[in-house]
Amino acid sequence: MAFGLIGRVVGTKSSRLSTAARLIPARWTSTGSEAQSKASTGGGGASLKTFQIYRWNPDNPGKPELQDYKIDLKDCGPMVLDALIKIKNEMDPSLTFRRSCREGICGSCAMNIDGCNGLACLTKIESGSKETTITPLPHMFVIKDLVVDMTNFYNQYKSIEPWLKRKNPASVPGKEILQSKKDRAKLDGMYECILCACCSTSCPSYWWNPESYLGPAALLHANRWISDSRDEYTKERLEAIDDEFKLYRCHTILNCARACPKGLNPGKQITHIKQLQKSG
């Protein structure tokens, strides 16, 4: 798939976030050595698994590296997030990553696992001796280790004004604006988005135009409000994104659909917006 580890850019113009534009081959470090040594000599039916994890510290801004950690899968939960938590708690407290709900709801633990974007809490650890490589979301500025800067992503989401807009307020202030079951069903496949950024950071068009192309996530939410029967700014919303870069950088590669942990298809929603632009 096109959103693997090749050609990743994890640098930034800011000196605080400065990183190299390539990954360094994994090498052993002394951090957590005691716990790793204990695991590697676990004997008695231990099922050892090596995790290669991207490390970069802004307080020591050299080249990033992949660091090896070995854990016993028999003493670990089944998900990649379980392994990360075990490593942080028992081997290396300096390892930094985002996580919260552990249920695929918050989207915090989005990262690149063995070349594919996904949520660590929903990705099962593959059995076998092959190493599992964990890196930050592709083509995002790295803050530290697996934590990326989501500022631009959230600003793009904010730019599509993701809230109900009315020209005619409800007759009774505070009264709910109703819609039919049929109109409500039109929002399926869009409202479930958790803004994890797996789709946008898997998109080659977004890699090369992150400042101008809104990306799959923001455009999916744009269509969510364009399709909402209660919203009265459909024309204005369409005009706001009728732009060569904001909308039409999408070339229907559909990496976004393959990467989405919720099974959504942003490419389909973007196509719907393009069709409305033509018919409008």
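Residue 1 is the first one shown; counting continues down the chain.
Placement of Cβ uses the backbone N, Cα and C atoms for every residue, glycine included.
What Swiss-Prot records for the [4Fe-4S] cluster site is Cys193, Cys196, Cys199, and among Cys250, Cys260 the residue it adds there is Cys260. Binding site for [2Fe-2S] cluster per Swiss-Prot: Cys101, Cys106, plus Cys121 from the candidate set Cys76, Cys121. For the binding-site residues Cys196, Cys203, Trp208, Cys250, Cys256, Cys260, a Cα-Cα cutoff of 10 angstroms around Cys106 ([2Fe-2S] cluster binding site) retains Cys196. Closest by Cα distance to Cys260 ([4Fe-4S] cluster binding site), from the binding-site residues Cys101, Cys121, Cys203, Trp208, Cys250, is Cys203. Taking Cys121, Cys196, Cys199, Cys250 as the binding-site residues under consideration, the smallest Cα distance to Trp208 (ubiquinone binding site) is found for Cys250.
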